[in-house]
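See structure below.
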Amino acid sequence: MAFGDLLEQNFVASVPPHHCSVHRNLSLSSLSPEQVLLLTVPQDIKNSRPERCLRYAAPQWQLLSENGTYSLKVKRDSSNDTEDLLDAELQGCKDGWEYSMTEMSSTIISEWDLVCDLRSLKQMGQTIYMGGVLVGAVIFGGLSDRSRKYWKFGRRFLLLISNLLMAVGGTCAAFSTSFSVFCLFRFITGMALSGLGLNSFSLIVEWIPTRVRTVVGTGTGYCYTMGQLILAVVAYFIRDWRWLTLAVSVPFYITFLYSWWFLESARWLVLNRKSEQAVKNLKTVARINGRREEGDRINLEMLQDSMKKEMSCSQGSYSVVDLLRTPTMRNITICLSAVWFSTSFAYYGLSMDLQKFGVDIYLIQVIFGAVDIPAKVVVTVSMSIFGRRPSQCAALILSGVTILINILVPYEKQTVRTTLAVLGKGCLAASFNCCYLYSGELYPTIIRQNGMGWVSMMARVGAMVAPMVLLLGEAVPWLPGFIYGVAPILSGVVAIYLPETLGAPLPDTIQDVDERSCKKTILNASPKKEELDMLCLVSSELFQLALLWHCGDP
């Protein structure tokens, strides 16, 4: 349901058909609604519908035929009436708007009249929400990796806080009395969403063994898919935006309660000098998995011996700066930043404005959610056979190509445009599924949360920019699609420079990452094992000296 909270804007902020209200000082009760609309609101000739933001300053009575019946044409025998109509004075909607609530009984658009001059506030509200997600990525991404005395929060505690914030923030947003208050609580739920995603993923990656990590990571991705499908069903039956927002928030009270039974990551506990608790957690997991005998053999000495290297390299505190400390880490961070930014940018550019496809929003939400299922199956098989890097590159480039092709399709061919958009969205969903797993495998344990927080922040920057790009379509209709298409193609090329992680053990320290890169480089340059071992040994010793200096050891 976290993903439902992310995409509920498609329903709670859907823009219903609307036009200016009639003049309050006029009594037109004897006329039908069609006649009143004809007399007071001009027609938008381009779209063959009433103007949304203009009305006649005075009713145009000449638009009615002599017998008082409804007519769309001006009487041809009166040239004066025709001239009067062409010269009729227009004005804004001084008395408000009337809405045709066919898809939703109430939205924030109809509640606070976020149309015409205020229509950009819809995109601003989504940008504020994504801003909260960005801030949450920065805050929650660093807190659980801190190793200072008073900052040892860990994954589990922050996951609990995130669930509580999601529940309380969403509930308060449902009862907001103004748009500004609504945006404030949406900002808070955006922060909580980052904490929820980052800490959940870190727990999954650090508890799951390498051989099944791809399958489990993909299964987690399907939970997001189910969230999209459930959102469409819930929104179909709950048409009021307040009740819908509340319905999406209530499940987080439940997840907050059962999250108390989660176990803290054993890796994180060991690296933060809490080895006794790590042993207890490992024994509990062994008992749950029916491996009691193996669990009984786990002791403090065994655990400390198996992670001696990792513990020796985790003396100091780590920050975002460490993501750029070595050439290998810089390469990984820069490439992943481009991948996450463009994936999120194009993904939300397609997903956040379903009304533009001209299809029922409930149906298109189901289709957009369902396409994730085959997309993630394909990318899971591809990641397991061809590797993470080729799968990531292919998903990004294919998504960009389909989006660019969509620009060339005439607007009237809605079926073709929707089909291409669905294919592009499926490729972007596959890219998201891949980069979540790929990033977790590239970053070492001691700064994994910082790394995931950073790339998640880049993704939220992309998500923040995406709604603003849609506003460019009012001036140049094809420009947003062009930008959404070019971005993933460029990042797909950049992703070629990432190292492959298929079958590789999960790195615990920055040294592990550099050693893996060193071995790969030397293997490509020379097949001699003796040279490989010697050069990697030298690199390892130099790195340890640099790390000791950074940690402040004498």
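Note: Cβ is positioned from N, Cα and C throughout, glycine not excepted.
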TrEMBL annotation of transmembrane segment - which of the ranges 302-324, 417-439 it falls on: 417-439
Annotated transmembrane segment segment (source TrEMBL; candidates 95-117, 187-209): 187-209
Cβ-Cβ under 8 Å with the transmembrane segment (187-209): same-chain residues at least 6 beyond its ends: 2, 5-6, 128-137, 139-141, 144, 155-156, 158-159, 161-166, 169-170, 172-173, 216-217, 220, 249, 262-263, 265-268, 285, 436, 440-441, 445, 448-449, 452-453, 456, 460, 506
Stretch-level contact, the transmembrane segment (332-350) and the transmembrane segment (478-498), CB cutoff 8 A, at least 3 pairs: yes
Close approaches to the transmembrane segment (362-386) from elsewhere in its chain (Cβ under 8 angstroms; 6 or more beyond its ends): 7, 10, 103, 214-215, 218, 221-222, 224-225, 228-229, 231-232, 235-236, 350-351, 354, 394-395, 418, 422-423, 425-427, 429-431, 433-434, 437, 502
Sequence-remote partners of the transmembrane segment (244-263) [C-beta within less than 8 Å, at least six residues beyond its ends]: 1, 4-5, 8, 11-12, 156, 159-160, 163-164, 166-167, 169-171, 173-174, 189, 203, 207, 231, 234-235, 238, 281, 284-285
